[in-house]
Amino acid sequence: MSRWKDMNKDELERQFSPSQWSHRMSADDVIKSHVTALKEGTERARGLAQTLLNVPYGEGEGEKLDVYVPTTTSLDVPLVIYLHGGYWQFLSKEESGFMAVPLVHKGVVVVAVGYDIAPKGNMDVMVSQVRRSVVSVIQQYSHISGLYLCGHSAGAHLAAMILSTDWSQYSVTPQIKGAFLVSGIYDLLPILSTYVNEPLKMTEEVALRNSPSQLVPQLKLSSSNCDIVVAVAQNDSPEFRKQSEDYYKALESTEGLKVTLEDVPNTDHFNIIEQLVDGDYHLTQLLLKMMGKS
């Protein structure tokens, strides 16, 4: 039995309010600090890398990519697609280039994906957009040596949905070598009755078809060659931690999948991803090792 079904609305909302669980500062301050850290990191990245900003991947106004390109003559150039968090209703690609700071030095291309957050976009739209963004990246950058995904929070959900795509409906089948799913939500049912769903307006049917936890058989078909890292913060809420643990167990018990769980000490929902600006950070090192760039 899922614990969340026994919770009253207040407790459920608290469980799915990551800012309430940081040990570093108040809820309001941790969000302000998070946005500042992402913006400052992205500004640094734009100063270090060659950038191609607002590259279209579709017809929509919000369907744009920011590309951070290393100065390298190497033919071994991996590419990481980053999908931002913000509960499908905040943030944008404009503050999502921070992880390029350590990666471009190592000859890695970083692509930050824009998608139409709620209320403009709904869950089906966002999932379709990020899938199409991957197809577009492969078509534009066919020379890369490997394709990797990294997503945080809502972005980890979207990355997991990409891994669970039936690519027969698309013009190409991406060979995704690795994916970092950081503090994500993989079962959308618990958030249906919370404040998170107010702008999203998901029905149970929409939540089910967009829950990676329901799509593990499709992920096995599409992404069996992908190294998957499910990362969770020590100070994520118990329900956020359970989301990662349950999704990891579902993948780990599926024959033929390569998955590890990283329980990152001394982190909360926000600095677990902010620290990817640092080349010495544990998850940065893991990502570089996965790409053969450590």
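Quick reminder: no glycine exception, Cβ is built from N, Cα and C everywhere.
Features as listed in Swiss-Prot:
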ACT_SITE  SER153  active site, nucleophile
ACT_SITE  ASP236  active site
ACT_SITE  HIS269  active site
COMPBIAS  1-14  compositional bias 'Basic and acidic residues'
REGION    1-20  region 'Disordered'
MOTIF     84-88  motif 'HGGXW'
For the motif 'HGGXW' (84-88), sequence-distant contacts whose Cβ falls under 8 Å of one of its Cβ atoms, 6 or more beyond its ends:
95-96, 112-113, 117-118, 121, 123, 126, 151-157, 183, 196, 200, 273
Let's check the environment of HIS269 (active site): how many other CB atoms sit within 10 Å of its CB?
25
Report the DSSP secondary-structure composition of the motif 'HGGXW' (84-88) as helix, strand and coil residue counts.
0 helix, 0 strand, 5 coil
From the Cα of HIS269 (active site) across to the Cα of ASP236 (active site), what is the distance in angstrom?
5
Give the number of CB atoms, excluding that of SER153 (active site, nucleophile) itself, located within 10 Å of its CB.
27
Including all protein chains shown, what's the count of other C-beta atoms within 10 A of the C-beta of ASP236 (active site)?
26
Work out, from DSSP, the number of helix, strand and coil residues along the compositional bias 'Basic and acidic residues' (1-14).
10 helix, 0 strand, 4 coil
